[in-house]
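To start, the structure itself, in C-alpha cells.
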Amino acid sequence: MNLIGSSIRLSLVFMLVCGLLYNLVVTGIAQAVMPKQADGSLLLDEKQNVIGSALIGQTFTDLRYFQSRVSSIGYHAAGSGSGNYAPSNPDMLARTQASIEAWQKDNPDVPLSRLPLDLITNSGSGLDPHISPGAAEAQIPRISKLTGIPAEQLMAIVAEHTSGRELGFLGEPVVNVLELNLDLTKLMQ
Amino acid sequence: MFATLSIGVTLLLVLLLARPTGLYIAKAFQYETTRLDRWFGWIETPVLRLGGIRRDDQTWKQYALAVIVSSLVMILLVYLVFRTQAYLPLNPSHIANMEPTLAFNTAISFMTNTNLQHYSGESGLSYLSQMIAIVFLMFTGPAVGLSAAIALIRGLAGKPIGNFFIDLTRSITRIFLPVSFVMAIVFVALGVPQTLEPTVIAHTLSGEVQEIARGPVGSLLSIKQFGNNGGGFFGVNSAHPFENPGAVSNLLQIVLMMLLGTAIPFTYGKMVGNPKQGRVLFLSMTMLFIVLLGVSLSAENAGNPVLNAMGIQHEQGSMEGKEVRFGMVQSSFFSVVTTAFETGAVNTMHDTLTPLGGLVTISNMMLNTVFGSVGAGMMNVLMYVMIGVFLSGLMVGRTPEFLGKKIEGREMKLIAVTLLIQPMLILAPTAIALFAYPETISNPGFHGLTQALYEFTSSAANNGSGFEGLGDNTPFWNIATGIVMYLGRYFSVVTLLAVAGSLAAKKPVSETSGTFRTDNGLFAGVFLGTVLIVGALTFFPALVLGPVAEYLTLKP
C-alpha cells in the first residue's frame with residue numbers, strides 16, 4: 001500500500017539524515033575544530049598518559065589529599081548514578097551519620113558547623129568533579145597537619161583553583177578537586 | 001540575589017525568543033509559497049522525492065492513520081537495531097544486543113517523545129544505536145507531535161488539515177535540524193564530548209584505574225533538549241559532567257527546553273488569526289509555571305529537616321542527588337522546567353528531591369498543561385480550552401462556541417474520553433505495581449508509593465524522567481510502561497484530530513455580543529480553573545498518600 005511504502009521510505013531517509021549524517025558531520029567538525037573538548041577534556045601527565053578528565057571526579061582515600069564528595073559508584077566513570085535515596089530513607093540517614101563520624105575522627109580541629117553539606121551528600125552523577133570552596137577550606141587544617149605544608153600555602157592553591165559563578169552570576173562557585181590535588185602533589189615533593 | 005538574577009535572566013531570554021519563534025513556526029507550516037521554500041528546498045526536495053511523497057491534502061482520518069502507521073514503522077525499525085546492535089558496526093565498547101522487553105520499551109519510549117530509560121546509555125547502547133535509533137527518533141518523535149498540533153490548529157482555524165508527511169519533513173528540516181546542529185557545536189565548545197573513540201582508561205592520581213565512558217554526546221544533547229525528548233546519553237542524563245559541564249551549558253539547556261513550548265501559543269494565535277487567543281493561554285500557563293517554581297525553590301532551599309538537624313553547615317539547601325556546579329537553585333529550576341515542558345532530562349536526581357520539590361515535578365506532569373512538550377502540550381491545552389468553553393456554555397445555558405464553531409455532543413464525547421484515559425493510564429497500573437511488584441520499589445514508606453506513581457505519570461505524560469531508584473528494567477515495568485506511553489501519546493492524537501476534523505467541517509457561526517469570548521482575562525480564569533479543578537479532583541488522593549504524607553512525617 002502507498003501509505004506503508006511511503007512511511008518506510010521516509011523513515012529510512014530520516015534515519016540516514018538525522019541518525020547518521022547529522023551525527024557524523026557534527027563529530028567531524030568538533031574533532032577538527034576543538035579536539036580537546038570533543039575527546040572528553042582529558043588530563044595528561046608528562047609522559048602523555050591519561051590521568052583523568054578535568055570534568056570527571058576521582059576518589060581520594062589518602063587523607064593528605066582533598067577529598068571529593070560521596071559517590072555511591074566510587075567514581076567509576078564507566079557508568080554513572082547515585083543512591084537515589086529519598087529524604088526519608090533510613091539508609092541515607094545512616095550513611096550521613098557515618099560520614100559525620102568519620103569526619104570528626106579525621107578532622108578533630110574543625111567543628112562540625114564548618115562542614116558544608118555538599119561534602120557528605122551523594123552527588124547526582126556520582127562523578128561530581130567539584131566541591132564547594134567551603135568544603136575545600138574545611139579540609140585545610142587536616143592536610144596541613146598531615147603534610148606539613150603551611151595552611152596559608154594551601155589556602156593559596158585553593159583560591160587559585162576556585163572558579164567563581166560563570167559569567168559572574170550563573171551557578172555556584174566551585175573547586176575542581178582533581179586539579180587542586182595535582183597542584184598539591186607538586187607542593188608535597 | 002544570584003538565584004533571582006540567574007532565573008530572571010533565563011526567563012527573560014525565553015520571553016524574548018518565544019514570540020518570534022512562534023511566528024516562524026506558523027510560517028514554516030504555511031502551504032502557500034514562502035521564502036523558506038527556497039532556503040530549505042535543497043534538502044526538502046530530495047527527502048520528499050526519496051520518500052515518494054506527494055503534496056495532497058489529507059482528511060483527518062488519513063492524517064491520523066499516517067501518524068499511526070509511520071510511527072509503527074519507525075518503532076519496528078529501531079526495535080530491530082536494538083536487537084542486533086552487537087552485530088552492527090560502530091560498537092567499539094562491545095555492547096551486547098538488547099533484551100526483547102527492554103527493546104520494546106525503549107523503541108516506544110523514544111518514538112512517543114517520552115524517553116523513559118530503563119537502560120543505562122554507557123552500557124546498554126552502541127554508538128550506532130545512539131545515532132541511528134535514539135537520535136533518529138529524537139528528531140521524528142517531537143516532529144510527529146508538532147505536526148499533529150499544527151493539524152489540530154488548522155482544523156480549529158477552519159482550514160484543511162494538511163498533509164502529515166509534508167508537516168513531518170518541515171518540522172525536521174526547518175526547525176529541529178538547523179537549531180540542533182548549531183547548538184551541538186556550542187555544547188562541544190563548552191566541554192561536551194563528541195567522539196567515536198571508545199571508553200578511555202585513565203590511571204588516576206591515587207594510582208587506580210578509572211574507565212571513562214564518552215561518545216557522540218553533543219549532537220544528541222541539543223536535540224534531546226530542543227525536542228523535549230529528555231533521554232540522556234549517559235545514565236544520569238544532564239547531571240553527568242560530560243552532558244552538562246557547567247552553568248552556561250545548563251542555562252542553554254533550560255532555554256532549549258522552554259523554547260518551542262512557549263512559542264506555540266503564539267503560533268496558534270497567528271494561525272487562527274487572533275494573536276490575543278494565544279497570548280491569553282501563554283499568560284495563564286506562565287502564571288502556573290511561576291507558582292510551581294516558587295514552591296519548588298522554597299522547598300529545596302529549606303532542605304531536608306532531618307539532615308539539617310545533624311549540626312552540619314546547610315546554607316546550600318538540599319544537596320543530596322545534586323551537583324555542586326548547579327547548586328540547589330539551578331537544580332530546582334531545571335526540575336520544574338523539565339517536567340513543565342515534559343522533557344524528562346534531569347540535572348538532579350528527582351528521587352532525592354524534598355517531598356514538596358518532588359510534588360511539584362509530579363504535579364506538572366499530571367496537569368500536563370503547564371506548556372507541555374512540543375505539540376502534544378499545546379494539543380492538551382486546547383482540549384482544556386474546549387472543556388472550559390463547554391462548562392461556561394453550560395453555566396449560561398447557551399450552545400458553546402469556540403473560534404466561531406459550535407462545540408456539540410460529538411466533540412465533547414471525544415474530549416471526555418481523552419480526559420478519562422489519562423488517570424486510567426496512571427492510577428490503574430500504579431495500583432497493580434504496588435500490589436504485585438512491591439520488591440521493585442527501593443524506598444520504604446510513603447516515598448515508595450510516589451516512586452511507582454511517578455513512573456506511570458511520567459510515562460502517560462510522555463515526560464520520561466524517573467524516580468530512578470525504581471528497579472524498572474523488569475518485564476513487568478518494561479511492558480506496562482511501554483503500553484502506557486503508547487496510549488498516552490497516540491490516543492489523544494487520534495481523538496483530537498477527530499475533533500479538529502469535525503469542527504473544520506462545520507459552518508461558522510457569526511460572533512454576536514452574546515458570544516463567550518476566549519481571548520480575555522475572564523477566559524484565562526476559566527481555563528486555569530478548569531485545569532486545576534479537573535487535575536485536583538483526579539489526582540489529589542494519590543498525592544496525599546505519596547509526597548504530602550512524606551512531607552508531614554519527615555521530622556528530625
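Every residue, even glycine, has its Cβ placed from backbone N, Cα and C.
Same-chain neighbours of the transmembrane segment (B:63-82): 88, 97-98, 102-104, 106-108, 110-111, 125, 128-129, 132-133, 136-137, 140, 144, 147-148, 151, 161-165, 168, 490, 493-494, 497-498, counting only residues six or more beyond its ends whose CB sits under 8 Å from a CB of the stretch. For B:63-82 (among others), the entry in TrEMBL reads transmembrane segment.
What TrEMBL lists as transmembrane segment is B:131-153 (among others).
With a cut-off of 8 Å between Cβ atoms, the residues of this chain six or more beyond the transmembrane segment (B:174-192) that come close are 25, 28, 36, 40, 139, 142-143, 146, 217-219, 221-223, 226-227, 242-246, 248-249, 252, 256, 260. The transmembrane segment annotation in TrEMBL covers B:174-192 (among others).
Residues or ranges marked as transmembrane segment by TrEMBL: B:251-268 (among others). Residues 6, 9-10, 13-15, 17-19, 21-26, 142, 146, 149-150, 153, 175, 179, 183, 186-187, 190, 221-222, 225-228, 238, 244, 275, 277-279, 281-282, 285, 333-334, 337-338, 340-341, 343, 345, 347, 371-375, 377-378, 381-382 of the same chain sit 6 or more residues outside the transmembrane segment (B:251-268) yet have a Cβ under 8 Å from a Cβ within it.
The transmembrane segment annotation in TrEMBL covers B:280-299 (among others). Sequence-distant neighbours of the transmembrane segment (B:280-299) (same chain, 6+ residues past either end, Cβ-Cβ under 8 Å): 3, 7, 18, 262, 265-266, 268, 329, 332-333, 335-336, 340, 353-357, 359-361, 363-364, 367, 369-371, 381, 385, 518-521, 523-524, 527-528, 531.
Per TrEMBL, transmembrane segment is recorded for B:370-394 (among others). The list of residues near the transmembrane segment (B:370-394) in space but at least 6 beyond its ends in sequence, with Cβ under 8 angstroms from a Cβ of it, reads 113, 142, 144-150, 152-153, 156, 227-228, 258, 260-262, 264-265, 268, 281, 285, 288-289, 292, 340-343, 364, 400-402, 407, 411-412, 415, 418-419, 461-463, 489, 492-493, 496, 499, 516, 518, 523, 526-527, 529-531, 534.
Feature annotation from TrEMBL assigns transmembrane segment to B:414-437 (among others). Same-chain residues lying 6 or more positions outside the transmembrane segment (B:414-437) and placing a CB less than 8 Å from one of its CB atoms are 366, 368, 383, 386-387, 390, 448-449, 452-453, 455-457, 459-461, 474, 476-477, 480-481, 484, 487-488, 491-492, 495-496, 498-499, 502, 534, 538-539, 542.
Long-range contacts of the transmembrane segment (B:476-500) within the same chain, counting only residues at least 6 positions beyond its ends with a Cβ under 8 Å from a Cβ of the stretch, are 60, 63-64, 67-68, 71, 101-102, 104-105, 108-109, 112-114, 116, 118, 145, 148, 151-152, 154-156, 161, 376, 379-380, 382-383, 386, 411, 414-415, 417-418, 421-422, 425-426, 429, 432-433, 436-437, 440, 455-456, 459-462, 470. Annotated transmembrane segment per TrEMBL: B:476-500 (among others), in sequence order.
What TrEMBL records for B:521-546 (among others) is transmembrane segment.
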